[in-house]
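Novice: Before we start, here is the structure in question, set down as structure tokens.
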Amino acid sequence: MILSDRDIRALLAIGDLVVEPLSGDTVRENGLDLRLGRGFCRFKRSDRVLDPRAPGSPGEFYECGEGDEIIVGPGEHMLLHTQEYIRLPGYVAGLVNLRSTWARTGIYIPATVVDAGFEGQLTIEVVGSGFPVKLYPGDRFLHLVLVKLQSPAMNPYRGRYQGQRGVRLPKLFAKNTG
């Protein structure tokens with residue numbers, strides 16, 4: 001069942017759902033509008049193979065930083081994050097969508113599920129369109145549809161990305177670098 005604005009406000013009121021900061025326009029008819037954060041990681045162009053079983057450094061494949069504006073180049077892949085820190089209860093999952101306005105610029109994001117029990121800022125992959133697009137931190141960028149599970153998850157999310165802030169690179173680097 002997709003949660004309505006009324007359902008979402010009820011979960012916020014009892015503390016089962018947390019969204020920080022929570023702006024007046026965050027709760028929408030059937031989900032949450034989330035704002036773009038300042039951090040980014042650009043995928044570097046390289047002929048080097050990223051081998052998940054070999055030691056490596058994320059610096060070989062990503063260039064990370066922060067900015068007051070973020071330009072996504074044509075066909076460029078980037079990792080971005082939300083301003084909001086969220087906490088989902090063990091009986092709610094989320095489906096991440098790009099807000100329609102941004103999709104109309106040609107920017108694309110892959111299908112992304114937020115697992116029941118997840119807590120943190122969302123890291124999202126963005127793929128550029130046929131021309132550069134400038135993004136501004138603080139703009140409403142993603143729409144998170146919340147779905148109530150038929151029963152609570154037996155094992156809510158407790159993975160490596162739990163509690164993340166800013167852009168989090170793939171966990172395979174953490175496994176191989178220390």
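Cβ coordinates come from backbone N, Cα and C, glycine included.
Relevant sequence annotations retrieved from Swiss-Prot are reproduced here:
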BINDING   ARG99, SER100, THR101, TRP102, ALA103, ARG104, ASP115, TYR157, GLN164  dCTP binding site
ACT_SITE  GLU125  active site, proton donor/acceptor
Novice: Report, as a single number, how many Cβ atoms besides its own are within 10 Å of the Cβ of GLN164 (dCTP binding site).
Specialist: 17
Novice: Only counting partners 6 or more residues apart, tell me which same-chain residues put their Cβ under 8 Å from the Cβ of ASP115 (dCTP binding site).
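Specialist: In sequence order, LEU88, ALA93, ALA153, PRO156, TYR157, GLY159 meet the Cβ cut-off.
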Novice: Max Cα-Cα distance in Å among ARG99, SER100, THR101, TRP102, ALA103, ARG104, ASP115, TYR157, GLN164, the residues listed as binding dCTP?
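Specialist: Those residues reach a largest Cα separation of 33 Å.
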Novice: Tell me the Cβ neighbour count for ALA103 (dCTP binding site), meaning other Cβ atoms within 10 Å of its Cβ, over all protein chains shown.
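Specialist: Taking all protein chains shown, ALA103 (dCTP binding site) has 13 Cβ neighbours within 10 Å.
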Novice: Counting other Cβ atoms within 10 Å of each Cβ, which of the recorded positions ARG99, THR101, GLU125 scores lowest?
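Specialist: Checked ARG99, THR101, GLU125; of these recorded positions, fewest Cβ neighbours within 10 Å: THR101.
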Novice: Can you tell me the CA-to-CA distance separating ALA103 (dCTP binding site) and GLU125 (active site, proton donor/acceptor), as a whole number of Å?
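Specialist: Distance between the two Cα atoms comes out at 13 Å.
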Novice: Reported as an integer number of Å, what is the Cα distance between ARG99 (dCTP binding site) and GLU125 (active site, proton donor/acceptor)?
Specialist: 14
Novice: How big is the Cα-to-Cα gap, in Å, between GLU125 (active site, proton donor/acceptor) and THR101 (dCTP binding site)?
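Specialist: THR101 (dCTP binding site) has its Cα 17 Å from the Cα of GLU125 (active site, proton donor/acceptor).
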